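Heads up, the thing below is written out as structure tokens.
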Protein chains: 2
Amino acid sequence: MTESLKVGVAGLGTVGASVVRIVKNKAKQLESRCGRPIEVVAVSARSRSKDRGVDLSSMEWFDDPVALAQAPGIDVFVELVGGDSGSAEDSVRAALNAGKHVVTANKALLAKHAVSLSRLAEEKGVSLNYEAAVAGGIPIVKTMRESLAGNSVSRVYGIMNGTCNYILTRMEREGLSFAECLADAQRLGYAEADPTFDIEGHDTAHKLSLLTSLAFGCEVDSDAIYVEGITSITTDDIRAADELGYRIKLLGVAQRTDTGVEQRVHPTMVPKHSAIARIDGVLNAVAVDADAVGEVVLVGPGAGGDATASSVISDIADIAREDGMPVFGQAATSLEPYTKARMRLHEGGYYIRLAVDDRPGAFATIAKHMAEKNISLQSIVQNRRDPALASDGAVDPDEPQPVILITHETTELAVREALELIAAEKVTFGAPQMLRIEKLD
Amino acid sequence: MTESLKVGVAGLGTVGASVVRIVKNKAKQLESRCGRPIEVVAVSARSRSKDRGVDLSSMEWFDDPVALAQAPGIDVFVELVGGDSGSAEDSVRAALNAGKHVVTANKALLAKHAVSLSRLAEEKGVSLNYEAAVAGGIPIVKTMRESLAGNSVSRVYGIMNGTCNYILTRMEREGLSFAECLADAQRLGYAEADPTFDIEGHDTAHKLSLLTSLAFGCEVDSDAIYVEGITSITTDDIRAADELGYRIKLLGVAQRTDTGVEQRVHPTMVPKHSAIARIDGVLNAVAVDADAVGEVVLVGPGAGGDATASSVISDIADIAREDGMPVFGQAATSLEPYTKARMRLHEGGYYIRLAVDDRPGAFATIAKHMAEKNISLQSIVQNRRDPALASDGAVDPDEPQPVILITHETTELAVREALELIAAEKVTFGAPQMLRIEKLD
């Protein structure tokens, strides 16, 4: 019999416990699929006594994940500790330095240290697999790293944060405010007590940074991503989007342009008929536009213990079969430095919501400044609030009414400049809302 | 430099020409992704003189694909000849016997000969890859063979024939008849001159048979598939489905049951809100329900030269990187014989359309026989035709009107027996329409 692949798992939260349980329960199946047994022989976590619903008695216990990472008895180190530094980083570096293969679900760690870690893995001739780090159970890393080998990618985009998509879906379906939906998401365990990282788009940005490298053969540079969260989205925006034939989704988008690669995370207007518009609730989806295949879209659970464990185990199985892949699909030293396409050069349509003073000439003033910046308008609509709400006293009838502008394709810079000119005219109140419209077939 | 992987391509239709062109144009990228160059060194096709838009001058020409398959200068034989026997089969067997890796897009060949071919490949220690044989550009074979290694699949289903999906989408959107849409599909090149193979469901069945083996670890048995095409679907069915919250799709479904594995291809009522209901036109989609990951859905082009070539090249790249996988994810000799779950034991909801004589008591007679067979009805609706059509003379007002029954979950056998009892009562005209409702979350 071929020798078993010996796995050490650091971090026994929901995902870690699922990995240990599934590797055990599916031992026969995994052996049959990989040609050799896989066993978890050692684990590490904070509390040794906690009941995780899995029998750890046959496994060696390490208090220190770094010690586990270097243990002579393991072939693969699975890092599920989390965090972009500290023991997650230390243990992954220790494992690679010790010539162990590494599997991780840690997007924050890779978003920050992918360049050095991928070079280290390559130097040591070991795998660094991270299917679970992007969109949980969806096999997007394998698809991009392997299935699209003959393709040139022009754009990759997706819904990669279930918390945000849950909130936006509920706002749309039930007409609730952002705050109400966030509170519900927290109550249901879909959002953290401190939800900043999710709702401000940073989690999506981490995942996007890895897809960018896979798509465009450049080094991971998550600091260069333009990031905007969903906290400014109002029910007015959701309703206007619906009326205009769009839905609002928090997308991460990486796109090749003439000046480099755009990386952006922001609430986005997507046409209702598009595949991505139809991804509801906590689901994730990633779409890839590429020259040979056209567009492929992968939909599935972006989180959850078993779903994420499914990806971790897929990564372990690849190692068991000795299917080695460079971390980002090509030699780490051959990845080009990331060339940023500046956000102000971004081209596309825009949705703009302004609170406009209802006096004569206000529309003309707005239209004039748009024209000055060569922005051609597809529509300009005074989207009067539901009078039923006004008569309920929920809306002050004297309050400025929202005016919605939809532009034809223009540049981010032109829109920003026009909005500054309009603000100086004092015909509007408060900050304008500006959402990008993604061009999708 | 590592030695190049030498590829021979038999069959230079749209897909073959795309493979040759992409391998040449993306030579540098493929080398970077696979760690060695890939080159097409030899080709075979019927006509040597035909202009295929690619330069074949540097490639050795073979009139006979079998000779190409055995040529000492090639490492990988790519079979794009087509057909379930003849030179496709002969050349694939010859290549495997000569110890060459094989890549094929030929679902008909595999549906018929997968058992012997996969054993032969295994005996010779070579790969037999077929990503392009199922759903064209969608990486479903890799996903099932590799990404779901730690999962037990309960059901796999999909829209795998663009011709049928195009016809059903047009019927729904434009209220056109099956015949009109088929004629249009033929005119646009989406359907063959003889469309039988597509519209009767056989093409879907071939693809399904391969997914069944990947999902359930059993031998391919395409003869055991229950197959029903879309030719009986009328605009009445399409309209009734819409009113009831469904869409009609030709699905291939393989599902584990208590008595074995169901394999069925038939027009299916799918809830409008489901992911699969939203796949329009010539697009394909495959969904996998599995215990760890939950559900993943892959959407993309099911046909087309470049999209299919993308999958062929992915298969070649795996071979270049020496990522060998057993043909159906585990040793061919360890696959269990297929155990058929009989169609009459199929459980689910049913849509039944009857042309009912408009006399008193007809409804009662129908309801009585349904009750006798323990079929509980969710609804029974006389779906009167549009009176505008009737007054146009397009519909005879004296013609029997369609009555639509929707059953709660029952068995195929009960429905068939009830329909026989009803037919014997002579309160209905013509053959009843019976469509299965797929249970989707």
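Think of each number as a place in line: the chain as shown, counted from 1.
Including glycine, each Cβ sits where the backbone N, Cα and C put it.
TrEMBL does not curate its annotations; it predicts them automatically.
What TrEMBL says about this protein:
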- A:LYS207: active site, proton donor (ACT_SITE)
- A:ALA10, A:GLY11, A:LEU12, A:GLY13, A:THR14, A:VAL15, A:GLY16, A:ALA17: NADP(+) binding site (BINDING)
- A:LYS107: NADPH binding site (BINDING)
- A:GLU192: L-homoserine binding site (BINDING)
- A:351-433: domain 'ACT' (DOMAIN)
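Overlay of TrEMBL annotations on the structure.
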{"residue": "A:GLY11", "record": "NADP(+) binding site", "Cβ within 10 Å": "26"}
{"residue": "A:LEU12", "record": "NADP(+) binding site", "Cβ within 10 Å": "23"}
{"residue": "A:GLY13", "record": "NADP(+) binding site", "Cβ within 10 Å": "15"}
{"residue": "A:THR14", "record": "NADP(+) binding site", "Cβ within 10 Å": "16"}
{"residue": "A:VAL15", "record": "NADP(+) binding site", "Cβ within 10 Å": "25"}
{"residue": "A:GLY16", "record": "NADP(+) binding site", "Cβ within 10 Å": "27"}
{"residue": "A:ALA17", "record": "NADP(+) binding site", "Cβ within 10 Å": "24"}
{"residue": "A:LYS107", "record": "NADPH binding site", "Cβ within 10 Å": "26"}
{"residue": "A:GLU192", "record": "L-homoserine binding site", "Cβ within 10 Å": "14"}
{"residue": "A:LYS207", "record": "active site, proton donor", "Cβ within 10 Å": "27"}
Can you tell me the mean pLDDT for the domain 'ACT' (A:351-433)?
85
Long-range neighbours only, meaning 6 or more apart in sequence with Cβ under 8 Å: which ones does A:ALA10 (NADP(+) binding site) have?
A:GLY16, A:VAL43, A:SER44, A:ALA45, A:PHE62, A:PRO65, A:LEU68, A:ALA69, A:PHE77, A:VAL78, A:GLU79, A:LEU80, A:VAL81, A:SER87, A:SER91
Show me the subset of A:LEU12, A:GLU192, A:LYS207 whose Cα is within 10 Å of the residue listed as 'NADPH binding site'; these are the recorded positions I mean.
A:LYS207
Within 8 Å of the Cβ centroid of the NADP(+) site residues A:ALA10, A:GLY11, A:LEU12, A:GLY13, A:THR14, A:VAL15, A:GLY16, A:ALA17, which other residues of the same chain have their Cβ?
A:VAL9, A:SER18, A:VAL19, A:ALA45, A:ARG52, A:LEU80, A:GLY305
Express the distance between the Cα positions of A:LEU12 (NADP(+) binding site) and the residue listed as 'L-homoserine binding site' as a whole number of Å.
19
Give the distance between the Cα atoms of A:GLU192 (L-homoserine binding site) and A:VAL15 (NADP(+) binding site), rounded to the nearest whole Å.
16
Coarse DSSP state, helix versus strand versus coil, of A:GLY11 (NADP(+) binding site):
coil
Inter-residue Cα distance where the pair is the residue listed as 'active site, proton donor' and A:GLY13 (NADP(+) binding site), in Å:
20
Could you round the CA separation between A:GLY11 (NADP(+) binding site) and the residue listed as 'active site, proton donor' to a whole angstrom and send it over?
20
